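TrEMBL has this to say about the protein:
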- 53-74: transmembrane segment (TRANSMEM)
- 86-107: transmembrane segment (TRANSMEM)
- 148-167: transmembrane segment (TRANSMEM)
- 219-236: transmembrane segment (TRANSMEM)
- 248-266: transmembrane segment (TRANSMEM)
- 287-311: transmembrane segment (TRANSMEM)
- 331-354: transmembrane segment (TRANSMEM)
- 383-402: transmembrane segment (TRANSMEM)
- 441-462: transmembrane segment (TRANSMEM)
- 468-487: transmembrane segment (TRANSMEM)
- 494-518: transmembrane segment (TRANSMEM)
- 497-546: domain 'Cationic amino acid transporter C-terminal' (DOMAIN)
- 524-542: transmembrane segment (TRANSMEM)
Amino acid sequence: MGARNLQTVSSSSSSSSFFSRFWSSALRTKPLISPSDASSNRTNSGDGLVRRLGVIDLVLLGVGASIGAGIFVVTGTVARDAGPGVTISFTLAGVSCILNALCYAELATRFPPVVGGAYLYTYAAFNELTAFLVFAQLMLDYHIGAASIARSLAGYIISFLEIFPLFKDNIPSWLGNGQELLGGVISINVLAPVLLALLTFILCWGVGESSTINSIMTSLKVIIVVCVILTGAFEVDVSNWSPFTPNGFHAVLTGATVVFFAYVGFDAVANSAEESKNPRRDLPIGIIGSLLICIALYIGVCLVITGMVPYYLLGEEAPLAAAFTSKGLKFVSFLISVGAIAGLTTTLLIGLYVQSRLYLGLGRDGLLPSFFSKVHPKRHTPIISQVWVGIVAGVLAGLFNIHSLSHILSVGTLTGYSVVSACVITLRWKDKTTRQVSSSTWREGVICLILVACSGFGAGVFYRYGSLWVSVVAAILALLASIALHLRHTYGDVAGFPCPGVPFVPALCVFVNMFLFAQLHQEAWVRFVVVSIITIIVYAFYGQHHANPIPQGSDIYFQVPG
């Protein structure tokens, strides 16, 4: 009996020790050391990336990540419901993204110019476990998204080739369109992995080469979109714009929740910090500048497509090309096909680029195996991380119909954006006499942020199911929590690019992002919970034992002056 009691006590002590160690590790933050402290560490030139990206490269990076086939497809699809009011949908979504971009821009100038983006900001502002969760949710979005885009690109290339009589009806389905096996469980696509392998090789070759290709392809598709807008402007019949919102503002707002995801690409600029020539100046310009260009292009396309053809006659698959074909402008439809291929190529290229940089950051911090942190000494690219990303996307794109998983996408993006906005608020907190905020003040502020997030999600759910007045009550609660954040905390000034209206603008971002989160398919909510549970398990058995917030012998993490 005594031995059994001793064994029980030992087991209880061991369990207590495990959970104690788990929470101690999970709540660690990444301290950003000063440049003077960094001088005591060795220079990390052998393991670092090369600063080759200027402000034009960063703007084109953001535009290339955002403007894909969506501008040729999504615009018409949403217009079927919102009518010409789809222009308002894109405007509202663009304004929402600008608010998020302001938060990204501040953190991009406050943090060390190294890879990490939302993961790095969360690690410093909140804790290690939350940062790992943000990474996992973002990464699943990126992996599925890359595979889906690769299959779409393969399909567009096949469709383009079939324009020519030599290839018409002579290309087997398994080559680019997908051939289903085992009742649709498997969908063979050979061209998609080949395209991924080619782009992975380009990214491994060097950031300069990949940036050049992105700049050329992005410039091409922007020129094509501008030509489409200018040509279509002469075919517009203004009577097609009346009524402007045939199904009411509800359809316009619902459309905004859909097209919001057409803008998500500016975070790619934040993840290129370590390869930016002048990150403190160029990153905010790249983030906000690329977003403004995308908004202008989307609005122009919306006005043209709804002015050329009545909204209810727009096609589902290729509405923009069909609109020009109906006007006898087949050469413009040809340009649209070229633009779609260029758009998908740059979106895929940048998606693969961002993924490898995130793996590089976690490899450096020990949350993933150290081989992910290896940088080629001559090419200065994270080849192992890049190849891994290409392999994962290649397997998914070559064997599965990823389009069926599209309704569980965007969970990671909205989660990441929400946390980044919250980071802006928490990193501004300070006591009136010291730079550090007390633990009680911190907890009070975090509770207010959680209330804002829950109110946003609740407002979205009740709006989705028709209880508008409950959504209004939830919005009022979020406003009260934001006022409490303003009155109960002192906010310090920042050098570089300050986000205006702190804490109200970041709090509004959190509210809107969670509102949009509530509009996603319910399977997306399940995906969020399942991925979070798996991530916590991985962290408990691997991450917490290997993570090191300050990599030894490295000076890459330093506090930006100011």
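The backbone N, Cα and C atoms fix where each Cβ goes, glycine too.
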Inset, instruction - Could you tell me how many residues in the domain 'Cationic amino acid transporter C-terminal' (497-546) are helical, how many are strand and how many are coil under DSSP? - result: 41 helix, 0 strand, 9 coil
Inset, instruction - Please indicate, using numbers and ranges, the residues of the same chain that are 6 or more beyond the transmembrane segment (248-266) and have a C-beta under 8 Å from a C-beta there. - result: 62-67, 70-71, 74-75, 78, 81-83, 85-86, 88-90, 92-94, 96-97, 100-101, 104, 286-288, 290-291, 294-295, 298, 347, 350, 409-410, 413, 515-516, 519
Inset, instruction - Determine the mean pLDDT over the domain 'Cationic amino acid transporter C-terminal' (497-546), rounding to the nearest whole number. - result: 93
Legend entry - Beyond the flanks of the transmembrane segment (468-487) by 6 or more, those residues with Cβ under 8 Å of it: 425, 445, 448-449, 451-452, 455-456, 458-460, 462, 503-504, 507-508, 511
Legend entry - Which of 287-311, 441-462, 494-518 contacts the transmembrane segment (219-236) most, counting Cβ pairs under 8 Å: 287-311
Legend entry - Residues of the parent chain within Cβ reach of the transmembrane segment (287-311), under 8 Å, 6 or more residues beyond its termini: 55, 58-63, 65-67, 71, 75-76, 79-80, 82-84, 86-87, 90-91, 94, 97-98, 101-102, 104-105, 108, 222, 225-226, 228-229, 232-233, 235-238, 240-241, 246, 259, 262-263, 265-266, 269-270, 319-320, 322-324, 326-327
